[in-house]
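Features as listed in Swiss-Prot:
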| type | residues | note |
| --- | --- | --- |
| BINDING | Gly166, Ala167, Ser168, Ile232 | NADP(+) binding site |
Amino acid sequence: MTAQIIDGKAIAQSIRTKLSEKVTARKEAGQRVPGLAVILVGADPASQVYVGSKRKACEEVGFISRSYDLETNCTEDELLNLIDSLNDDPTIDGILVQLPLPAHIEDSKVIERIRPDKDVDGFHPYNVGRLAQRIPVLRSCTPMGIMTLIKSTGVDTYGLDAVVVGASNIVGRPMTLELLLAGCTTTTCHRFTKNLEQKIRQADLVVVAVGKPGFIPGEWIKPGAIVIDVGINRLDNGTLVGDVQYEAAAQNASFITPVPGGVGPMTIASLLENTLYAAEQYHD
């Protein structure tokens, strides 16, 4: 068996095209164009790349894109005051603060300062809680994008045994909630997990988000399983690879996401979907 590739790049482009059409329809109906504010603190190269991609995608679909680049040594209060002003700005539907933040700024304080109805990253405790209660509104972008990828396979998720490797607040934990909502029996693995191989060998669906190149051997993958690889790791030779050993995994899986071109584009597409959702549901 050779796995079918889940083409995140193509699916994300399809979503962006639909969003662009919706923005055009809003304009023609005399409605406001959605607005997204993106805040970058410092000059971390990876963060600059991510932020640049988000701003470009925003403009591609016709959203208003506002950029705020703050110095690494900006104070926590300066950042919180900027968020307060954007919370009160009626032209802004979504506020995104690129993580990680410098050590002197507390992530949780910043995330909780963003109004829940403008939290298009889906990180605010209110929005995570809504997902936990099975009534999601603004959902965490990467898990939301992954659910779109899984849906594209046509596989019925109800009753599947799913394993999530990684328990971060950004991916692993909300991913577990998304899979529960989709009817999976879900196991979340982390650094204290015993018998990881055994758990993965039994899984119908595997989502890996640990940030370690080739962490999961491909031969662990159960024949016919769906493999979602969230990792994006740059090797010394410049090659980008995922957290799963791709070639071997593709021999066992029924569907697999490539790296790059799998989950990454979907995270940004989901961010744009959340921004339009916020405009329509909360701010029109």
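Just so it is clear, glycine is given a Cβ too, placed from its N, Cα and C backbone atoms.
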Cβ neighbours of Ile232 (NADP(+) binding site) where a neighbour is any other Cβ within 10 Å: 17
Helix, strand or coil at Gly166 (NADP(+) binding site) [DSSP, three-state]: coil
